[in-house]
């Protein structure tokens with residue numbers, strides 16, 4: 001009973017203590033109830049006040065025709081457009097930054113193949129324009145303008161608009177053709193020509209008389225010679241024969257020679273190549289809309305200022321880097337330490353060592369004070385601005401470090417080049433893995449710097465106040481100072497703005513500091529004494545209970561029997 005009485009007396013004594021009257025000023029920083037988790041170099045989960053998402057995961061469900069010029073191939077791919085297939089007439093003279101090939105594009109003329117399809121496709125796409133220059137070719141004693149039922153234009157037999165099918169003359173003659181074209185211009189010329197492969201020997205002689213035929217095309221630096229491959233093939237649009245298309249680039253001052261005794265699909269002119277143009281091609285089913293975006297993917301356009309995206313690895317234009325991560329957050333505020341609901345028994349103010357302040361909305365750092373005139377809170381704009389200046393532009397610097405304007409297009413290969421395709425995919429996957437790792441490391445590094453900077457500014461502000469107050473106040477260890485002289489609101493303001501004069505209050509502070517006072521219990525000591533008192537009370541209660549049991553056993557009131 002004695003111990004319980006002591007416990008209640010201690011609680012009553014502690015509870016009766018009031019604020020000592022000495023002014024207190026605390027330094028703190030902004031906090032929010034729910035911060036954002038970011039990753040740093042040393043910790044995967046650090047809570048900060050604010051952060052910005054760096055990975056774009058949203059895209060438009062359409063392709064934007066501005067500012068990049070888009071040309072929709074519709075039912076035509078770019079090679080059929082260059083050949084002049086029926087249904088591709090809308091591409092005549094077309095000019096583009098991005099040529100849109102549709103997965104539904106189909107061949108609409110005589111069945112053909114291109115042995116080096118990917119190269120000619122890339123050349124045409126990069127050129128950015130179908131600028132065809134017609135030329136006069138003098139073919140002797142042969143019939144020109146051959147047509148096919150597989151190549152209908154307005155339900156009439158026709159052929160590729162940019163090519164001339166040469167067959168034997170009505171007099172059953174196909175003499176040796178040898179024709180030269182000199183490039184006297186100031187640009188490179190692209191000639192597309194072909195070789196017809198009949199399905200039978202009879203077809204060969206009916207069309208060209210000579211069996212076998214031969215086609216040789218030469219420049220000063222190259223020569224391509226093709227002998228037709230006669231043989232039956234599966235019917236495509238009613239045709240068992242095939243055409244193989246080839247291409248030759250003739251530089252200024254060079255010349256091209258066509259030599260044939262049959263089977264030549266001759267050009268009607270050439271395409272002007274623009275070495276300065278850097279256009280490209282995109283294969284997608286996404287429709288063209290009316291939006292504005294500099295970045296296109298096969299899933300749609302992206303409108304963002306974020307440096308990374310995880311929408312598609314296939315992207316064209318001024319696009320964010322593709323990374324595997326779905327989220328990378330850049331810290332744009334300080335470390336978040338949410339404010340406690342209550343502080344000890346009396347709700348005394350506390351500084352940044354214990355927690356942040358959710359009410360500090362005008363700045364990142366600030367002061368709280370308690371004096372005879374009451375309590376107050378004020379932001380410190382100077383330290384706030386110093387931290388903001390170091391963090392501002394962080395996103396721009398991050399974008400500059402990843403500011404490679406590029407397009408990443410999925411490569412297409414013939415089946416025979418499967419090993420090259422596997423190697424290409426491995427290289428691309430490795431590049432993406434590397435970029436993803438670099439992005440994560442770069443963001444973690446910037447986040448570490450942000451947290452270090454904001455912590456440093458808090459410490460600088462604390463040291464500035466400590467140097468001002470010196471022995472006029474005592475550091476309480478929680479980010480607060482207890483001031484040993486009278487300090488009204490004007491005095492508090494002088495501490496905040498750095499104009500506090502230590503010498504004015506020095507004598508008063510020294511007298512108060514060394515004045516003999518009773519024992520003054522701080523909040524931490526009160527809690528300790530309460531726990532000690534509680535422990536002693538429990539111990540005394542147990543001891544009294546044991547003493548009672550022993551006394552009862554001795555008097556025979558309680559019998560204790562132990563069985564083994």
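Just so it is clear, glycine is given a Cβ too, placed from its N, Cα and C backbone atoms.
The feature transmembrane segment, as given by Swiss-Prot for the ranges 507-527, 528-548, sits at 528-548.
Put simply, of the recorded positions 109, 151, 178, 487, the one whose Cα is nearest the Cα of residue 291 (disulfide bond) is 109. On a Cα basis, residue 109 (disulfide bond) lies 11 Å away from residue 88 (disulfide bond). Neighbour counts were taken at the CB atom with a 10 A radius for the glycosylation sites 34, 497; the maximum falls on 497. The two recorded residues residue 178 (N-linked glycosylation site) and residue 109 (disulfide bond) have their Cα atoms spaced 28 Å from each other. In sequence order, 85, 87, 88, 91, 105, 108 are the residues near residue 76 (disulfide bond), counting only same-chain partners six or more apart with C-beta under 8 A.
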